[in-house]
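Engineer: Right, I'll just put the structure down here and ask away after.
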């Protein structure tokens, strides 16, 4: 197709989950409550890590970063989705679409990288406990977190640049909940070989490589724990169960979304998977870490006790 015939649209229409008004009202209440729980849960983790001196440890420093990512990630798409549940015309400008695409993708990639860093932190804690404080010093922790954010942002900048430039030749209906990469690429009326290559490279950088690092870390952890006496194995595994649960959910959803053949994936399946990852997982993360972590629960008790005493 000649370049003179190529056109770019100024806005997109998002089909969302359902066109039925009653269903949309129910979804608004459900996802609105989920969004509030996400903000409250992750916000509470941040407050506890900030206020309690006993949580000034590498594990909780990375957990704080993960909470920031979850708050920002869910806020990049859920408020718009909630608004669209109440609107008859579900449109989004191309500029806002590109912005949403960038931030949701960057924050998602940063989360995968942070989870790999947290796996390394657990590896050092279990396999080399005597040198843990020396190895996981403040400078290394800040560096690992900074690299996770920078790689996530840089990787997404490339993918967003090659995605938003695609002409759609008048096609502007996205059968999705948000401006997601694969949905945008499917509207293109030009060759998308470059986009497919960039998506694959991006998935390797922020998904496959971190997933392999997590697997390697836990393989070493399991090998180390099996050498411990049975009485100490439960405690060693207990330090990793919360993180492993979150890793399983996050990587599992992303692998299903981006690594399966496109011919076997339906639009509705993509919506459900992305919805689970974007809405449910950020809400569950703080619940998993708080319910399975005695130090978090103890920190909450101390903060509440100090707060009640200060009011007397």
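The backbone N, Cα and C atoms fix where each Cβ goes, glycine too.
Just so you know, TrEMBL annotations never went through curation; they're auto-generated.
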Engineer: When you get a sec, could you say which of 132-151, 152-171 is annotated transmembrane segment by TrEMBL?
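Structural biologist: Spelled out, TrEMBL records transmembrane segment over residues 132-151, not the other listed ranges.
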Engineer: Tell me whether the transmembrane segment (272-291) sits in contact with the transmembrane segment (25-51), defined here as at least 3 Cβ pairs under 8 Å among residues 6 or more apart in sequence.
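Structural biologist: As far as Cβ distances go (cut-off 8 Å, pairs 6 or more apart), the transmembrane segment (272-291) and the transmembrane segment (25-51) touch.
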Engineer: Can you tell me which parts of the same chain pack against the transmembrane segment (132-151), counting only residues 6+ beyond its ends and a CB-CB cutoff under 8 A?
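Structural biologist: Long-range Cβ neighbours of the transmembrane segment (132-151): 58, 61-62, 65, 109-110, 113-114, 117, 120-121, 124-125, 205-206.
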